[in-house]
């Protein structure tokens, strides 16, 4: 019964209205409240690396939380679903349920437009505008010299390049003009003669950092930067990472997981690398008939758990980021409508993904019984276009105007992103949730999730009968965001601006050999 009621709570996100009845005033969500004053929670981000700006965030708890409802600060059209507690709640109190209640209490004022920052302008739907200028300034700072605590993230430097550049590109910045030369110099220092890119000069090549460098170079789109990639050495290195069970190790002698499957598939397809195995690789010696994609779908299949989600490795816990990696990988192995149901139980996966969206927050969690987090706007939110392509199959151009049947609450996700994930102080950037500091990682994936929620992706069959991804606004649907708050379109598999994917693939397809 306990699990049953929890699932009801999570699925409440799909309801458009909920009862207005008074909730128990002793609810653990409530802090000390009175009818005459607001109450302030001060949360410190001490201990988290900061690139400057506000490290203390004030969250105003408005009267009404004790009754399960927060009154909007202005008269706007905000559905009850996002301003009050869910109608179904498990009576059993645990440490997990308490932190969930605390998270709801922090998010509700932002969702209701009654948060502390009176300078934040809301539109007619009670949603703040995207503060592009402030977010871009924050992201540019993330590409400058960082404070001393960031030394702990030295091996992740390629990720800071990708996260920051991609987020700026999504916001409409021309990153090529300002960063092409410096990015090429930095990437060159990270490349090893044995193939692949490391976290920095003299470090070991890793599939995750290689993925990040390749995507950063793709986002900037400078041909000189793309040309510095040693594709032959990279191909041979990938052959050495190929395992007998079909998967890829993240580094030589390192771990094997579904991240490797996705990262390898992205790199191979984006850079037009041969699928043939290098003849002196162990993978070729084991099976001369195999190639880099042989058995990859079967490896992904083994990572689906009893819940329906995808784990990093077989027999581990399902996680939202691994679900995206699995779906992205399978979408590169063939048409999603063929490859995804071939290797995954799609009904169970949809059930698990649906359970990740919470009410009243509207955002996604990454695991069962975990909190919402802005980064899962992409890791889970980005799964839905791939799921829809799996269910609908490639469509004819004449079918593009068919009214889509949503599999998740787009409105809920966009409200969480715009209301709760924007750092509303002078710091800028995007974040996990109110009370957490903004960072490059969350800025990238929150904006990617926003792009996915704002646009409809479909696989379309053209005259050549070859399916291609096509993006368009959702038809016949009033949006809760103003048009000036629309961000750039992000490719549903490669997670970089869609136009960059075509340019990079065309560039490498035009090159003979390596």
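Every residue gets a Cβ built from N, Cα and C, even glycine.
Sequence annotations record features per position, and here Swiss-Prot assigns region 'Disordered' to 1-56.
As annotated by Swiss-Prot, compositional bias 'Basic residues' applies to 1-13.
Look at Swiss-Prot and you will find 25-39 tagged as compositional bias 'Low complexity'.
Cβ contacts within 10 Å of residue 159 (site 'Important for selectivity against geranylgeranyl diphosphate'), excluding its own Cβ and spanning all protein chains shown: 21. Residues or ranges marked as site 'Important for selectivity against geranylgeranyl diphosphate' in Swiss-Prot: 159.
Confidence for the repeat 'PFTB 1' (180-221), expressed as mean pLDDT, is 98. Per Swiss-Prot, the feature repeat 'PFTB 1' maps to 180-221; the stated evidence is sequence analysis.
Here Swiss-Prot flags 231-272 as repeat 'PFTB 2'. Using a Cβ-Cβ cut-off under 8 Å and counting only residues 6 or more beyond its ends in the same chain, the repeat 'PFTB 2' (231-272) has close neighbours at 192-196, 204-208, 210-211, 214-215, 218, 278, 281-284, 286, 292-300, 302-303, 310-313, 322, 324-326, 328-329, 332-333, 493-494, 501, 504-505, 508-509, 511, 514.
What Swiss-Prot records for 293-334 is repeat 'PFTB 3'.
Within 10 Å of the C-beta of residue 319 ((2E,6E)-farnesyl diphosphate binding site) we count 23 further C-beta atoms, all protein chains included. In the three-state DSSP assignment, the secondary structure recorded for residue 319 ((2E,6E)-farnesyl diphosphate binding site) is coil. Annotated (2E,6E)-farnesyl diphosphate binding site per Swiss-Prot: 319, 320, 321, 322, 367, 368, 369, 370, 376, 377, 378, 379, in sequence order, evidence recorded as similarity to another entry.
Through the fold, the repeat 'PFTB 4' (346-388) approaches residues 6-7, 9-15, 18, 81-86, 96, 99-100, 103-104, 107-108, 111, 304, 307-310, 317-321, 323-324, 327-328, 331, 336, 340, 404, 407-409, 411-417, 420-421, 430-433, 441-442, 444-446, 448-450, 452-453, 456-458, 492-493, 495 of its own chain, all at least 6 residues removed from its boundaries and within a Cβ separation under 8 Å. The repeat 'PFTB 4' annotation in Swiss-Prot covers 346-388.
Long-range C-beta contacts of residue 442 (Zn(2+) binding site), restricted to its own chain and to partners at least six residues apart, with a cutoff below 8 Å, comprise 374, 375, 421, 429, 430, 431, 432. Under DSSP, residue 442 (Zn(2+) binding site) is assigned to a helix (H, G or I) in the three-state scheme. Per Swiss-Prot, the feature Zn(2+) binding site maps to 373, 375, 442.
Look at Swiss-Prot and you will find 410-454 tagged as repeat 'PFTB 5', backed by sequence analysis. Cβ atoms under 8 Å from those of the repeat 'PFTB 5' (410-454) belong to residues 13, 41, 43, 45, 48-50, 52-55, 57, 59, 79, 81-82, 103, 106-107, 110-111, 113, 115, 117, 120, 126-131, 134-139, 142, 159-160, 162-164, 166-167, 170-171, 357, 359, 361-364, 371-379, 381-382, 384-385, 473-474, 479-481, 485-490, 492, 495 of the same chain, restricted to positions at least 6 beyond its ends.
Recorded residues residue 378 ((2E,6E)-farnesyl diphosphate binding site) and residue 159 (site 'Important for selectivity against geranylgeranyl diphosphate') have their alpha carbons 16 Å apart, per Cα-Cα distance.
The binding-site residues under consideration are 367, 378. Their Cβ neighbour counts within 10 Å are lowest for 367. With the fewest other Cβ atoms inside 10 Å of its Cβ, the least crowded of the binding-site residues 369, 373, 376 in this structure is 369. Of the listed binding-site residues, namely 321, 375, the sparsest Cβ surroundings within 10 Å are found at 321.
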